[in-house]
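The structure appears right after this line, and notes come after that.
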């Protein structure tokens, strides 16, 4: 796809993408919806109020969605509308645009609505009512299971029959670039001791989890599950996600009800939501086909290619140091698809709402340096060497982690942008 707007060939926001987000700037009096294209954000509030959507009848009754401070109202319009809006914007920016008067030849509107990304502030794209994190990364689940239970019992008996998940904390989901303080809590420093007595301490095993996550668009009613064949139409779009994890706090607290404080202190997502339609060209078979016979019928999809071939990477930079890419993985390293996660979540009659966030689970490969967490790479014993010669078993204060994901070819990349966060020292407590 070629555009009249100059777009860097390595941009994750090519004309093939058109992700949606929420921005503010010194030019704007409030937060507004926008799309990212190349090095620019298109202010959809200004674009809509200036006749930008005049050639798209389907959105005319709903132009007020572009005056909201979140994308929830737009997401609730449903996938057919999202698709038409995205395709329309692609036509507006294409070299052979059928609507040159809208923006290409409209210098005044370009000046008003096209803002350099370097001059805008990104915000959470959605008001998130609930957040659920799945555990669909089979390789990660196996690797961690081996560490704790050995290879013979690495996976629980239910793992290949249902997408395991836990309910996370929506209030501490933050957008890329938000720093997080090192968490503090109860830690068992001597697991062999009897009796087992915890101490209160800053986390000493602070970790990351490389994930994708998706937002719910249209809700389902309480008591009415979403059929697997219709589940994808309830998905608005996808973001990169870092599920920060305090492994030592987790080890002491997680039996019998799972993680709590170990994961509730911060979850970072990318600010630009990549619509599910933009990922369609990258469909592939995941770790197992989506239509495999071993699944119960409510989870069995009609097609095999229910995953996405999206290269992912993890970069770590220590304070004042050089960046080091410590891992390369791929989004296809998942056992369950997004529709399967959504169908399973609702099978009991649970109602999902517009803006709910559902994480994939940690996406790890099978080889060394394809793991999506420090726990898998180091096991707390085998340090990762950074570019400046320093070593890491887990994250230290001042470390910055950036997750990236981008599919496609030069000039037509579909990516998420950076999912970045820096670790600050723990807050001083008066205990």
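Glycine residues also receive a Cβ, built from the backbone N, Cα and C atoms like all the rest.
Quick look at what Swiss-Prot annotates:
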ACT_SITE  140  active site, proton acceptor
BINDING   133, 209, 211, 243  Ca(2+) binding site
BINDING   135, 149, 250, 254, 362  substrate binding site
BINDING   243, 263, 267  Mg(2+) binding site
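Distribution of Swiss-Prot features across the structure.
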residue	record	DSSP (3 states)
133	Ca(2+) binding site	strand
140	active site, proton acceptor	helix
209	Ca(2+) binding site	coil
243	Ca(2+) binding site	coil
250	substrate binding site	helix
263	Mg(2+) binding site	coil
362	substrate binding site	coil
Cα within 10 Å of residue 209 (Ca(2+) binding site) - qualifying binding-site residues among 135, 149, 250, 254, 362: 362
Surrounding CB atoms that lie within 10 Å of the CB of residue 149 (substrate binding site), all protein chains: 12
140, 263 as recorded positions, winner by CB count within 10 A: 140
Intrachain C-beta neighbours of residue 362 (substrate binding site), sequence separation six or more, cut-off 8 angstroms: 135, 137, 140, 209, 210, 211, 243, 372, 373
Cβ-centroid neighbourhood (8 Å) of the Mg(2+) site, 243, 263, 267 excluded: 133, 168, 169, 209, 241, 242, 244, 245, 264, 266, 359
Cα-Cα distance linking residue 263 (Mg(2+) binding site) and residue 149 (substrate binding site), given in Å to the nearest integer: 22
Cβ neighbour count (within 10 Å, all chains shown) around residue 209 (Ca(2+) binding site): 27
Listed in sequence order, residues not in 133, 209, 211, 243 with Cβ within 8 Å of the centre of the Ca(2+) site Cβ atoms: 210, 213, 241, 242, 245, 263, 267, 359, 360, 361, 362
Cα-Cα distance linking residue 263 (Mg(2+) binding site) and residue 250 (substrate binding site), given in Å to the nearest integer: 8
